[in-house]
Amino acid sequence: MTDYLLDTLLWTGMLIALVLLVRRPVARHFGAKAAYALWLLPMVRLVMPPITLPAMLAPTQDAVSLPPVAAAEVSISHANTFDPQALASAPVASEVPRFAVDVDFVTLLVILWLAGAAIFLVRRFYLYAVMRRDMLAEARPMGEAGPIRLVETPATTGPVAFGVRDRVIALPPGFLAKSDRRMRDLALAHELAHHRGRDLLVNFCVQPLFALHWFNPLGWAGWRALRRDQEAACDARVVERMQRRERADYAEVIARFAAGPHAALAAPMACPVLGDKSIIQRLRSLSMSDPTPRKKATAKFLLTGAALALPLTASISYAKADADRDVTLPPAAPEAPDAPLPPAPPLPPEAPDAPEFWDAGYEEGEAAFERAMLEGERAEAEAERKWQRAEREWERAERQQELAEERMEQAEERAEARRVSMVHGKRIVHGELDSAEMREALREARIELRMADEELKRHAIDRRELERNIETALSALDETTRIVSVECPRGTNYTQTNTVNGKTTVRICATKIAAEALSHARNGMIEAREAIAADRHMNREDKREALRSLDREIAKLQREI
């Protein structure tokens, strides 16, 4: 609550200061009524309640954990001993006088401030009640202007408007019988404008605002400025529908009442209690031209925007989070029983007696070892003989491979010779080969293809013979020596020998031999095809048929490889 009151005091004071700064420029540009409306801003801020936001929007603050005060540890080692020297050196706690109750000076100041505000309000309303009682004590009714009563009373020397529910205008005796009817009518119009503009209600409502600032000079200055703006706005309402001549008469009446012999009569109207500045301000406002509708709309827009921005100055608080529900703590876990001691481990068995070193079993083992050595030597000699036999078979296979390669080279040379004589050795007629010669060339190409096919068949026979020789070498060996025909990795040709636990394994690359022969034949046909395809003098249909035949043979070789 204290924070809310202090925020209200601060912001209303700032708004009063703001209105004091801008009221005259606003009156000059937008009229006296716009300047009078500015006083709504601090009044609205006064009655604005604090804004409570949800707890989830509250800023999080890291809890600061203070280290607990360590308790003093007292160690009594010898309970029955008394050390006078230690007792004399012990520090004596000094007693510092303290107030029995801590005084909260902020709360005390707030109480004094609110007490002053209450006294201010009581005094203002008491003086108003006394004034109303005196005015109506000897009042004599003179008529009515709608709901407003007109009375004559000797308690006043000039027209006075008062009352909120019972609205009254008090006139001095004989005021309505004055000969200067123009002055009388303008004075009555001014007081009637106060009632119709609810100026008396405004004066009642703003009293709490200025009561909060009873100690603040801004509050007193604001009250006087509010009354001046109120009188200027009342004048604006009176002359709003008057012509320029009538406005001049109204200003003349104000000046005459303020300076002439009727100064007492002009007191409520000219507000001499507010000083000469109020009269000057009222006369200036009368000399100004009425604001245009555009200026009036702009003034309303700005005032509405300022009122909508007032919540930004409100006191903001956050709702408290729901109190944590009481949670029944689970019962404490029972203490774990002491673990039983493990049983004693059994004693290890007695070690058996060590056997004697020189016994009959040792002699039998030595004899068995000698027999195994002899058998190993015989097996090694037999493996050596079989290995030599395998090497001879391998040499024979290599010779057959060389013969196959020579045959393939000869076939390629013959094919190349025939291809050259078939294309480049023929007679050319009108830029093309003669049809008879072309047929002859195709016939020779087919013969060459058949010869290449026969070479492939012979090569297949040689390949089968090579495989039979390898199988023969494999069957000649027993379990101690093996020759394995393996698929060679691409681009390799090797022979590998491994001996593990008395067994010898020989790996040879048998497929590589056949693959190389087939590859040579395929390369020869590919070169012949490229030569035919590059020849521009050959007939297109004949070239297509020759290329198709070569493609079939090349595909067949590719499958063999």
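Easy rule for this one: first residue shown is 1, then count along the chain.
Every residue gets a Cβ built from N, Cα and C, even glycine.
Some features that TrEMBL has for this protein:
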| type | residues | note |
| --- | --- | --- |
| COILED | 371-483 | coiled coil |
| COMPBIAS | 331-352 | compositional bias 'Pro residues' |
| REGION | 327-357 | region 'Disordered' |
| TRANSMEM | 6-22 | transmembrane segment |
| TRANSMEM | 34-57 | transmembrane segment |
| TRANSMEM | 105-126 | transmembrane segment |
| TRANSMEM | 301-319 | transmembrane segment |
Mean per-residue pLDDT computed across the coiled coil (371-483): 64
Positions whose Cβ lies under 8 angstroms from the transmembrane segment (301-319), at least six residues beyond its ends: 3-4, 7-8, 11, 34, 37-38, 40-41, 44-45, 48-55, 57-58
Positions whose Cβ lies under 8 angstroms from the transmembrane segment (34-57), at least six residues beyond its ends: 4, 8, 11-12, 15-16, 18-19, 22-24, 26-27, 205-206, 208-209, 212, 222, 226, 229-230, 232-233, 291, 296, 299, 303, 306-307, 310-311, 313-321
Residues from the same chain, set at least six apart from the ends of the transmembrane segment (105-126), whose C-beta lies under 8 A from its own: 2, 5-6, 9, 207-208, 210-212, 214-215
